[in-house]
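A quick write-up on the structure given underneath.
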Amino acid sequence: MPQLKDILYKVSLTSVSGDMETEVTTLAFDSRKVEVGSVFVAVTGTQVNGHDYIEQAIAQGAVAIVCEELPRTTIDDIAIIQVKNSAQALGFMASNYYGNPSQKLKLVGVTGTNGKTTCVTLLYHLFRDLGYNTGLLSTVDNKINDEVIPATHTTPDAITINRMLAKMVAKGCTHCFMESSSHAIVQHRIAGLSYAGAVFTNLSHEHLDYHKTFDEYIKAKKLLFDGLPSTAFALTNSDDKRGMVMLQNTKASKHKYALKSMAEFKARIISNTLQGLELDLANQNVWFRLIGDFNAYNLLAVFGTAVLLEEDPEEVLRVLSTVNSAPGRFEQVLTETDITAIVDYAHTPDALENVLLTIKEFRTGNEKVITVVGCGGNRDAEKRPIMAKIACALSDKVILTSDNPRFEEPMEIIKEMQTGVTPSNYKKTLVIEDRKEAIKTASALAEPSDIILVAGKGHETYQEIKGERTPFDDRAILKEMLNLIHKQN
Ligand SMILES: CC(=O)N[C@H]1[C@@H](OP(=O)(O)OP(=O)(O)OC[C@H]2O[C@@H](n3ccc(=O)[nH]c3=O)[C@H](O)[C@@H]2O)O[C@H](CO)[C@@H](O)[C@@H]1O[C@H](C)C(=O)N[C@@H](C)C(=O)N[C@H](CCC(=O)O)C(=O)O
Ligand SMILES: Nc1ncnc2c1ncn2[C@@H]1O[C@H](COP(=O)(O)OP(=O)(O)OP(=O)(O)O)[C@@H](O)[C@H]1O
Ligand SMILES: N[C@H](CCC[C@H](N)C(=O)O)C(=O)O
Ligand SMILES: [Mg+2]
């Protein structure tokens, strides 16, 4: 068993009392998970303060406490370690506890508002198909080679990350591709990780409920690059307004990808259809299975990453052209009808606009675009009217509905969305709170060759209402409804 002093390696300490040679059984930041011999790390949270649970942790057998504020009473036989930032200390401790697994494989972090899951999933499949043992940490799921571990977060807590990385190392993984969300960066879930490289996709409106201002959101993303060592690479999208800012203070080698501006990894879109994308990339015409202009950026980011990881460009393109996108990302739902049915995880204004613009490009005649969309509860409220406005501007019919209302009232969220609907668009907008009914109505309104987009939930297989998740899958419902209503015609 490791000793306290080993786990505290690289943690900057304010004060220390107790025996640093105490053996440690587990690490915990949740008092409810403390066991006999655990170190409890008290973290100041957004809901409660972990320092209020120190006594409970001790009662459950904690042998050491890591905290920012010392407990008011002295506690015999317990080591008390005061640090400036518990969450950050937890990151380093979790790395040390699991034997610094991120140093034993090539870990690549992907950050940005949209495209993280797409990029890491493509990278995971690419490297698996290139013959490597590979790990994945993503919104959809976590993977250690072919073993699937359900995901709870886009980027899990520091203990979970390091536990999974250690398992990847034990299973012989040489690479791991992980999403690095802005929440995770600010909350130091990634502190202590040793990245071989980091990638920036793009930045647009999202999560202002948490970060408060767009500047704070930019800063959060930038921290990933600021923390890279000189041995790592930093790859950015130089077409994005914030692309270069990300690399401004990094020690890592700097690289760019782009469709428009000058860049080391550059491509041109030759064609973009419902069957896939054809790109002129690295002086070759290559066809990919992904759909939509925005995916050209994801493919370039993936290509650049693989080349920076010293893979052969030709081989990368050969394999990448056979890889499918992540589930629920511009996923076409196959039905027995002539209606094009698309489910997409677009839950930000930028993503919704990109997906609808892509759909617009595919229209050849008078086919209608019917969009079903909602906004999540207990998340950024500012994006609600903007998303409704975009949906109206780029669709012929819009059905506003609910999407994971969480602890908010679904109709209140929809009302906020409605404030973005201009009077000229009232006629094309319907409100159907029940998402299943909304999808049913969209299916009923659709005629042959029309296009239905159900946006916001993508791969999700639940609807989250007041802390409970009930089964719900946009793809299954859309398929069921379209077949039910239109098959006999
Ligand atoms: C707002 C937010 O991000 N919260 C995350 C945060 O929890 P918190 O700070 O709110 O914790 P808290 O409930 O206040 O508790 C404070 C401390 O007291 C401890 N505690 C609490 C109760 C108790 O009885 N005993 C005890 O010790 C808690 O374990 C915690 O250490 O730290 C927790 C542990 O890492 C996370 O699980 C939790 O994610 C919540 C569930 C969440 O919904 N997060 C979302 C917003 C999120 O992180 N999303 C991003 C993706 C965003 C994107 O890019 O789209 C993600 O990476 O998933
Ligand atoms: N490069 C891109 N630029 C703009 N929009 C994109 C891009 N890639 C994907 N999208 C859109 O954003 C949606 C979410 O994509 P993806 O899941 O890859 O992003 P993410 O960054 O992982 O999101 P999250 O923050 O929820 O984890 C897609 O369904 C698509 O509509
Ligand atoms: N990672 C995003 C996902 C949003 C998906 C959408 N369906 C919602 O629930 O708002 C978040 O947690 O904000
Ligand atoms: Mg994601």
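Residue positions begin at 1 at the first shown residue.
The backbone N, Cα and C atoms fix where each Cβ goes, glycine too.
Since we're looking at a predicted model, the values are computed, not measured.
The annotation domain 'Mur ligase N-terminal catalytic' is assigned in TrEMBL to 24-98. When averaged over the domain 'Mur ligase N-terminal catalytic' (24-98), pLDDT in the model lands at 96.
Among the features that TrEMBL reports, domain 'Mur ligase central' is placed at 110-305.
Residues or ranges marked as ATP binding site by TrEMBL: GLY112, THR113, ASN114, GLY115, LYS116, THR117, THR118. Sequence-distant neighbours of GLY112 (ATP binding site) (same chain, six or more apart, CB under 8 Å from its CB) are VAL199, PHE200, THR201, ASN202, LEU203, LYS221, ASN237, listed in sequence order.
Cβ-based neighbour count (10 Å, all protein chains) for LYS221 (N6-carboxylysine) stands at 25. Taken from TrEMBL, the feature N6-carboxylysine applies to LYS221.
If you look up TrEMBL, you'll see 328-458 marked as domain 'Mur ligase C-terminal'.
Of all Cβ atoms in the shown protein chains, 19 besides its own fall within 10 Å of the Cβ of ARG379 (meso-2,6-diaminopimelate binding site). Annotated meso-2,6-diaminopimelate binding site per TrEMBL: ARG379, ASP403, ASN404, PRO405, ARG406, GLY456, GLU460, in sequence order.
Counting same-chain residues at least six beyond the ends of the motif 'Meso-diaminopimelate recognition motif' (403-406), those with a Cβ under 8 angstroms from any Cβ of the stretch are 347, 373-379, 413, 435, 456-457, 460, 463-467. The motif 'Meso-diaminopimelate recognition motif' feature in TrEMBL is assigned to 403-406.
The two recorded residues, PRO405 (meso-2,6-diaminopimelate binding site) and GLY115 (ATP binding site), show a Cα separation of 24 Å.
A helical conformation is recorded for LYS221 (N6-carboxylysine) in the three-state DSSP classification.
Following the DSSP three-state reduction, the secondary structure of ASP403 (meso-2,6-diaminopimelate binding site) is strand. Shown in sequence order, HIS347, GLY374, CYS375, GLY376, GLY377, SER402, LYS457, GLN463, GLU464 are the same-chain residues outside ARG379, ASP403, ASN404, PRO405, ARG406, GLY456, GLU460 whose Cβ sits within 8 Å of the Cβ centre of the meso-2,6-diaminopimelate site. A C-beta separation below 8 Å, combined with a sequence spacing of at least six in one chain, links GLY456 (meso-2,6-diaminopimelate binding site) to TYR345, ALA346, HIS347, VAL373, GLY374, CYS375, GLY376, ASP403. Counting every protein chain shown, 28 other Cβ atoms lie within 10 Å of the Cβ of LYS116 (ATP binding site).
Highlighted here are the binding-site residues (ASN114, GLY115, THR117, ARG379) whose C-beta falls below 6 Å from ligand 2: ASN114, GLY115, THR117, in sequence order.
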